[in-house]
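As given in TrEMBL:
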type: TRANSMEM; residues: 38-58; note: transmembrane segment
type: TRANSMEM; residues: 78-96; note: transmembrane segment
type: TRANSMEM; residues: 111-128; note: transmembrane segment
type: TRANSMEM; residues: 140-157; note: transmembrane segment
type: TRANSMEM; residues: 172-191; note: transmembrane segment
type: DOMAIN; residues: 304-603; note: domain 'ABC transmembrane type-1'
type: TRANSMEM; residues: 310-333; note: transmembrane segment
type: TRANSMEM; residues: 353-374; note: transmembrane segment
type: TRANSMEM; residues: 436-455; note: transmembrane segment
type: TRANSMEM; residues: 461-480; note: transmembrane segment
type: TRANSMEM; residues: 543-564; note: transmembrane segment
type: TRANSMEM; residues: 584-606; note: transmembrane segment
type: DOMAIN; residues: 694-910; note: domain 'ABC transporter'
Amino acid sequence: MEKFNWYCGANTAENLIGFAWDPEHTIYNSCFTNLLETIPHILLLVFGSLILFALLLCRHSEKHAYLLKFPGHDLRWVLYYPLMVMVTFQVGEGILTDLIVNNGLETQPQLYVPACLALLAGIVAIIYTHHMEYWELQHMSWLMLVYWLLALGGPRLNLRTSSNDEEVDSSHMRYILTIVAVIIYALFFILELNVIRTRVFGWCYEPEAFPEDLEKEGMRFLQGYTNLLSTAIFWWMNWLFSLGYKRALELDDLGSLSKVHTTKYNRDKFEEAVGIELKKAEDTGKELNLYKAYLRTYGKRLGVAGIIKLFADTFAFVNPFILSGIILYASQLQYQGSELTNPDVKYMSSYDFIRNGIVLVFLLFLCSYSRALCLQVHYHLVITESGHVKAAIQAAVYDKALRISTYTISGGSMTTGQITNHMSVDAMNILMSFQYLHSAWSLPYQLLGYLVILYSQLGPAALIGFSVFFLVLPLQTVIAKQLGNLQKKSMVHSDSRLKQTNEMLQGMKLIKLYAWEEIFLQVIGEARGKEIWMQVKSTGWRVLMYTLAGSTPLLVTLISYSLYQVLEGKALTPEITFSSLSVFNSMFVPMFMLPQVIQFYVNAVVSTKRLRTFFSAAEIEDGEDGRTLEKVNRLNPGHVPQRDVKANGHESFKKIDADSDGQVYSNPAFETETQNGNLKESNLKFAEDTIDKLRHENGWPVAKISHGSFTWDADASTPTLSDIDLEIPAGKLTIVVGQVGGGKSSFISALLGEMSTVSGSVQWDKSVSNIAYGSQKAWLLNATMEENITFGNKMDRLRYKDTINACSLQPDIDILPAGDQTEIGEKGINLSGGQKQRVSVARTMYSPHSVVILDDPLSALDVHVGAHLFEEGIKGILLKENRTVILVTHQVQYLDQAEKVWKHYMTCHV
């Protein structure tokens with residue numbers, strides 16, 4: 001072992017001369033233990049490099065951009081950061097001890113060589129574990145397990161050696177770094193054991209399926225599918241930066257979008273959370289709490305972002321002390337000339353190490369870089385989640401608008417302008433509040449931390465100067481309340497403006513025909529003027545708030561410096577002046593941001609209240625009425641199957657009997673051709689056709705209302721329609737007649753589930769999956785006449801021609817510039833009311849649906865045209881196809897064509 005004595009240093013007391021295998025020359029000899037400490041690092045450098053080189057040659061063709069993470073991936077990469085910092089400190093401590101403490105003596109490689117090898121081994125370990133996950137070779141982890149175990153033994157031996165050395169104690173930097181090394185290496189060893197447990201042996205571990213995102217064609221968005229370092233510094237996006245440098249980027253260059261960033265995914269998560277809170281609100285009788293829905297959906301990632309923000313803000317408190325230490329170090333070095341408080345030591349103390357100028361400069365860089373890295377990760381998380389919540393709110397508002405009760409819109413409780421603002425302004429306000437969510441506690445935390453630092457440097461003068469902030473805060477609170485009130489008023493005027501603008505756009509042709517442009521311009525201008533005036537007032541308050549925020553730090557600095565000499569009786573030294581000045585400058589950012597954050601939160605609170613009202617609004621009933629369920633089993637031998645129906649109102653699940661008389665039919669063909677209770681596959685179609693024929697011949701009800709009472713307003717005390725009992729026979733014509741305003745259209749809406757059910761139920765045959773509905777007010781798509789009639793269904797020329805003739809549309813088509821290819825609707829040729837109505841009826845006739853509901857289609861037609869449509873269309877096409885027709889009309893001459901006439905004294909006759 002004496003040949004390694006150069007490693008110890010010629011002039012050191014602990015060397016390898018006269019080495020013997022006894023405790024005095026081994027575990028109590030720091031040179032020997034430091035020599036042993038190099039062995040695991042050398043082994044990893046040699047074997048790790050060889051394995052990587054060999055695998056790179058074998059797998060050079062296996063190239064992909066993604067990486068599938070092993071268990072503990074994120075924690076491993078987080079630990080690499082303190083590991084590299086710790087090893088760098090060990091290198092610095094060894095070199096400084098060799099240069100300063102042992103000044104004039106021969107160099108001692110044992111002080112810094114193990115740390116240098118550990119630094120190189122740490123770099124190899126990072127590369128090794130990255131490729132282990134990239135190649136998905138879990139057996140590579142055996143080498144890392146051995147390395148961490150052996151690396152843990154080196155610092156552990158050094159601790160044993162130090163415990164026997166009276167010159168080494170906890171005040172020395174080497175002792176502290178050795179304890180930190182033991183902890184870090186032990187954590188790495190545990191993580192490696194977990195990888196072997198899960199990926200090698202598969203104990204208590206369920207392998208995850210290959211991500212769906214990576215199966216998408218052109219998937220280039222790899223956020224979450226790279227290592228943590230690449231994710232944090234966006235290294236995986238280098239391909240995009242390089243491409244953008246060469247040419248302008250196009251949308252196709254970005255490839256597919258990850259599932260977690262799609263609108264549907266975020267909408268579903270948000271709607272699920274809102275649904276849970278809505279149920280809680282109904283059970284407790286309280287209002288909907290959207291804040292809990294935000295927390296339930298986005299709380300986890302936002303919580304992680306908050307922890308990272310806490311680290312970033314804490315790093316900012318260290319810089320003033322480091323700056324003060326650098327200035328003090330330079331001053332003492334110039335006037336005193338000694339860098340050590342106690343020159344007669346074996347190793348450098350932690351105090352001397354931390355106050356060294358080179359170490360302080362490195363710490364300043366490390367803290368600044370760590371703070372910048374944490375801030376960027378925090379910003380990425382909150383900005384990503386803010387984009388998610390905005391997309392989720394916009395999609396959820398759109399979904400809610402489709403389900404919202406008709407009375408809510410028509411009754412004036414809500415307007416289209418409000419819905420538009422919910423999707424634009426309110427969603428944007430929530431987005432901004434998410435981006436600055438943690439500023440609510442971060443800014444006060446920063447100000448409080450800076451106050452403590454200033455007090456430690458300037459004493460009571462800092463407290464007096466800082467009191468200016470407490471004088472400004474009440475003013476900012478008052479301004480925030482004013483901004484909140486103005487925001488509410490501005491949104492009211494904005495809703496009104498958007499509503500009027502929407503009405504103008506919808507009726508643009510009429511406005512042009514009647515020359516009403518100036519009238520609408522004046523009305524919209526007045527609404528816009530009120531909105532702008534609210535914005536002007538808000539801007540004035542903001543100017544005042546920003547002025548206070550910008551001038552306050554300057555006043556604090558001036559007052560604190562002016563009172564320091566008076567109260568302390570001391571002159572301002574450079575280290576105090578420059579470090580405190582950096583604190584004052586740092587305080588400007590939170591003070592400037594505070595009013596903006598207050599404004600964002602005020603707007604978010606207002607928008608959340610508006611969204612709470614919107615999401616709590618009544619919806620059309622979503623109860624199962626049987627049409628969305630699977631068809632009944634038609635293979636029950638010997639019996640016509642009973643039709644299962646689902647109650648749409650308050651009644652429970654019911655069944656409509658196979659026959660109105662309660663009779664059960666038997667078909668011998670079913671009995672002779674069945675095996676074990678099921679029809680042979682060859683007889684399936686025959687059975688279904690037979691059942692359909694029997695259904696139409698016997699008039700089974702396709703829909704049934706039992707003791708139904710309905711209302712438009714769910715809170716109304718009196719129902720709009722009361723005590724309705726009705727069965728709609730399948731494959732027949734049912735005519736609804738009654739007085740004007742008698743509730744015929746409301747009856748249709750109740751049948752379609754558009755009204756709130758007070759009592760009773762609406763039931764549909766399970767075989768009815770879709771309904772063709774022609775509303776009382778005909779509407780057209782901005783498309784060709786052919787597209788308006790086919791309405792997305794497959795073109796059948798013969799069926800299309802019959803439908804055109806039945807609705808008497810051929811003469812109208814002949815006079816159009818391009819025939820049935822002429823664009824009609826708001827942006828096309830303007831049709832008359834009768835023409836629109838016949839196009840609407842033709843759309844329902846052409847559809848393949850078995851149930852057709854027509855709400856007063858004959859009112860806008862001439863008598864002879866209406867008679868032709870009834871004879872050739874309703875009777876000649878719909879009823880011949882055994883389709884169920886529900887017709888609302890005032891023309892009683894067609895009553896004798898109905899299957900059944902039923903009278904109801906409250907509302908209408910059927």
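Positions of Cβ are set from backbone N, Cα and C atoms, glycine also.
Listed by sequence, the residues of this chain that lie at least six past the ends of the transmembrane segment (310-333) yet keep a Cβ under 8 A from its Cβ atoms are 339, 354-357, 360-361, 363-364, 367-368, 370-371, 374-375, 378, 442, 445-446, 449-450, 453, 457, 574-576, 578-580, 582-583, 586. Long-range contacts of the transmembrane segment (172-191) within the same chain: residues 72, 75-76, 79, 82-83, 86, 89-90, 93-94, 97, 144-145, 148-149, 151-152, 154-156, 158-159, 162, 345-350, 353-354, each at least 6 residues beyond the stretch ends and with a Cβ under 8 Å from a Cβ of the stretch.
Tertiary proximity for the transmembrane segment (140-157) is limited to same-chain residues at least six positions away from its ends with a CB under 8 Å from its CB atoms, namely 27, 33, 36-41, 43-44, 47-48, 51, 70, 114, 118, 121, 125, 128-129, 131-132, 178-179, 181-182, 185-186, 188-189, 192-193, 195-196, 199-200. A mean pLDDT of 83 is what the model gives for the domain 'ABC transporter' (694-910).
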